[in-house]
Amino acid sequence: MPLPSAPEANPDVTDITLLSSGLSLSSHARSVSHSTTASASELLLLDQEPANDMAFQSPRKILKNFVLLAVAFSANHGAVTGCIGLASNRFGTETKLGADLGTWQTGTLYLTYSLSAVTGAPYLVQRLGSRNGILAGLVTYCIYVTAFLIASLVPDETKWPVTILGAAIGGIGGGMLWTAQGKYFVSVSAAYAYSARISTPAATSYLGGLFAFFYLYEEVLMKVLVSVIIESESDSDDSNAWLVVFTAYTVISMLACLGVLQCYKFPLEIDPSPDDSSLCFRFTSATRILFADRKMKYMVPLNAAFGAASGFTIAFVSGQVVHASGKDEFIGALTAVPPAVAAILSLALGRIGQRTGKGPILIAGNLAFAAFAGAFLLSPGLNKGWAYLILVYSLMGFGRATFESTLRATFADFFSHDTDGAFANIVLQSGLSSSLAFFLFPHITCSGGESASEYCVEFQDGTWHDVFALALIVIVLSVVAVLCYLRASVLFREEQEDPNSNINAANGSSSRYTRLNLNDAAA
C-alpha cells in the first residue's frame, strides 16, 4: 500500500512558531487559504530562531529519519505484542489464584507499565533524552520477549517466576518508552511543520498516521510469522515450533535497537529553575497534569475504553473464544487482523483528520469498541465461525487505529504545554485500565453453567464466567468516552480563544512548561 503524500505547504506562510515542541521563530503570516496551513490563532510570532537543528532540514530528510525510527520501534514492539497475544493462549491451562499464567503475566506487564508513568518516566526521559529514552525502553522490552524464550525451555513451575519477572521489567521500560516516543513525536512534528510550512495539527495528523501504519503493519508481520513458523514446523514436536517462534522474536527485538541508534538525537536543554526542577517535581509530572489540567480528567475514559477492549480481546477472545472454536493453529493470523485493519485505516484517518478534525474519528473509534463487545451480547457462546471472528477482530482494529494515531495526536494538540506529562498520562491511563481488566475479568464469574444463562460460559481452566458483564464494561466505557471527549474539546476551544486560560488552568505557572519543552534531551 503506498504511503500518503505529505500535506501541501503554503508559500504564504514563511515561518511557523510551534510552542508544543519549542520552535519559536520570527514570522509573518499573510493570507492562509489551504486547509492544512496554520491559522493566525495557531501562530506565536517571536523573533527567535528554531530551537533545534532538525527544523532546518528538508521535509524529506525529516521524514526519512522519522520512518527509520518508526520501522525500528515497530519491529521491537511487534515482537512484544506478538508475545502478548500468545500469552493467554499458550499459558491458558496453568492456573493460580483464579487466573491463568498468561493473564497474570500480561496483567503484571500493564500494571508496572502504568506505575512507571507516575514514578519517574517523564523525569528519566528528560535526563536521557527522547531518542535514548526510546532505546532504553526497547532494551527492557527485549528482556520481556526473552522471558518467553526461556519459559519455553524450563519446567512448568519455573515458568511462573521467569515470565512474571520478565513482564515486570518490560512494563517498567514500556512506560518510559511511550513517554519518550511521545516527546520525540512532538519534536519531530514541530520540525516538520516548520520545514514543510504547515500547521501543527496537520503535521501531527500526518506523522501520527504514518507512525501508526508502520507500528501496526509490522505487528501484523510479527503475528503472521507465528502461523508461518508453526505451519513449517508441523512435522516436528509442538514445543520445537514455539521455541523457533520465541527465538525469532528475541532476535528481531534486539536488532531493532540498533536501528534506533541511527536516529536523530535532539540537544539537551533543561530548565534550571530551582522551584520546579526538584526530583519530586519531575517524578510527579503525570499525576500533576492529571489533576491540574481541567481537560485531562475527561480524556481518561478514552484510554480506559481502549484498555478494557484490549483486555477483553486478549483474555477472552484470543484466550478463550479462539480455543473453543478449534482455531488455535490460526491464532497468529487471527490476532494479526486488528493491527492489519488498523494499519490500513491509520493512513486514511491521518488524511481525513486534516479535513474533518480529530473529533469525529475518535468518536467513531469508540463506537467500534462498543460494537466489538456488543457482538458477544447479540451472539453468546464461545464456538464461533470464521466470519464472526474476522468481524469482531476487525472492529477492534478500527478502534485501535484511532487510539494509536488520532488519540495520540490529539494529546499532542491538547497538552502542548507539557508533552512529557501528557504522554505519560496515556501510559498511566491505558496501562492501568488494561491491567485492571486483566486482573478483574477472570474473577467475573457465574454459577449454574449454561442452564443459568446463555452468557455463562466455561473457560479453558474449567471455571465459568459471565460474558454479559465483561462486554457491558467495554460498552459503557466506550459511550462515556465519547461524552467526555466532547466536553474536553469544548474546553480546548475555550483555551484557544483565551490562551491565558490554558496556562492558568493547566499548570498554575506560565513559562516553565514552555522552557522545558524548547528542546528535547540527549544523552
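Yeah, the Cβs are placed from backbone N, Cα and C, and that goes for glycine too.
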- prompt: Ranges 160-180, 181-201: which does TrEMBL label transmembrane segment?
  reply: 160-180
Query: Okay, the transmembrane segment (385-403) and the transmembrane segment (160-180): do they have at least three CB pairs under 8 Å, pairs separated by 6 or more?
result: no
Query: Taking the transmembrane segment (361-379) as the reference, which of 66-87, 132-154, 241-261, 298-318, 385-403 gives the largest number of Cβ pairs under 8 angstroms?
result: 385-403
- prompt: Are the transmembrane segment (66-87) and the transmembrane segment (241-261) near each other by the rule of at least 3 C-beta pairs under 8 angstroms (pairs 6 or more apart)?
  reply: yes
